[in-house]
Amino acid sequence: MNSISLYSLKQEAWCDSKSVFRNLGFVIPTLAFPCAFYLFFGVAMGDEKTSSYLLINYIIFGVMGPALFNFGVNVATDREQGLLALKQLSPMPASQYLMGKTFTALLFSTLIFILLSSFAVLFAGVSMSLLKWGQVYALALLGTLPFCMLGLVMGLSFSAKSAPALVNLIYLPISMLSGLWLPITMFPEALQWFAWALPSYHLSQLGLSILEMHQGFNLAWHLLGVALFTLPCGYLATKKYNAMK
């Protein structure tokens, strides 16, 4: 990547994150929602083991929202306003537009990790080695990508008016059915098997494996589950984007 491309990528990432963070009506609920859930269920109503378990799940829950909404809603808005078509006509590669939005989603994931981890340490007495904290943070970043791809497919498929409702229609049920709010073992067997189709379930199990609280399946299956969701979404998004040209 030459210096001009790197500069334009930095500018795209800066402009996208700046435009999103100016919208306090989006920023505050996005950060407050997982924090409030964790403080109520993970801190006020749980012991240290429960707090550690829910820390992983609410981090996954927290990183899903910004990725889905920044791509699903904002891409749909950019498309309807003609901004996406303008960017297609510009010399800037489409990848830089997507990388800029991905940077914003990763920035939210970092903030959510910092907030929830701080609450876990300060109020719930959760303690982990530095290596494990690093692994949880890496998982938060990894967990952003499948939902960026899903959000991109939605943003390229639906109108700006319908996208927010449809994102919520996917975001909340997926969170529940993945076992992020309740242990997956409390669900009927059919729903436990259905969870295998959801990337958030696999991310949760990968995170819980760091604390040795996962269900015990081979971690390679969970990595494969994340990949088998992310790659087809990326392929479909590419097809839809190219069809707009």
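The backbone N, Cα and C atoms fix where each Cβ goes, and this holds for glycine too.
Just so you know, TrEMBL annotations are computer predictions that nobody has curated.
Look at TrEMBL and you will find 16-205 tagged as domain 'ABC-2 type transporter transmembrane'.
Feature annotation from TrEMBL assigns transmembrane segment to 20-41 (among others).
For 53-77 (among others), the entry in TrEMBL reads transmembrane segment. Sequence-distant neighbours of the transmembrane segment (53-77) (same chain, 6+ residues past either end, Cβ-Cβ under 8 Å): 16, 20, 26, 30-31, 33-35, 37-38, 41-42, 46, 84, 101, 104-105, 108-109, 112-113, 116-117, 120, 124, 126, 136, 139-140, 143-145, 147-152, 154-156, 158-160, 163-164, 166-167, 170-171, 174-175, 178-181, 200, 203-204, 207-208, 210-211, 213.
Taken from TrEMBL, the feature transmembrane segment covers 98-124 (among others).
Tertiary proximity for the transmembrane segment (136-158) is limited to same-chain residues at least six positions away from its ends with a CB under 8 Å from its CB atoms, namely 55-56, 59-60, 63-64, 66-76, 78-79, 98, 101-102, 105-106, 109-110, 112-113, 117, 128, 166-167, 170, 199-200, 203, 206-207, 210, 226, 229-230, 233-234, 236-237, 240-241, 244. Taken from TrEMBL, the feature transmembrane segment applies to 136-158 (among others).
Per TrEMBL, transmembrane segment is recorded for 165-184 (among others).
For 219-238 (among others), the entry in TrEMBL reads transmembrane segment.
Looking at 20-41, 165-184, 219-238, the range that has the most CB pairs within less than 8 A of the transmembrane segment (98-124) turns out to be 20-41. Counting residues 6+ beyond its ends, the transmembrane segment (165-184) has Cβ neighbours under 8 Å at 37, 57-58, 60-61, 64-65, 68-69, 72-73, 150-151, 154, 158, 191-192, 194-195, 198, 200-201, 204, 215 in the same chain. Residues 142, 145-146, 149-150, 152-153, 156, 196-199, 201-203, 205-206, 209 of the same chain lie 6 or more positions beyond the ends of the transmembrane segment (219-238) yet place their CB under 8 Å from a CB of it.
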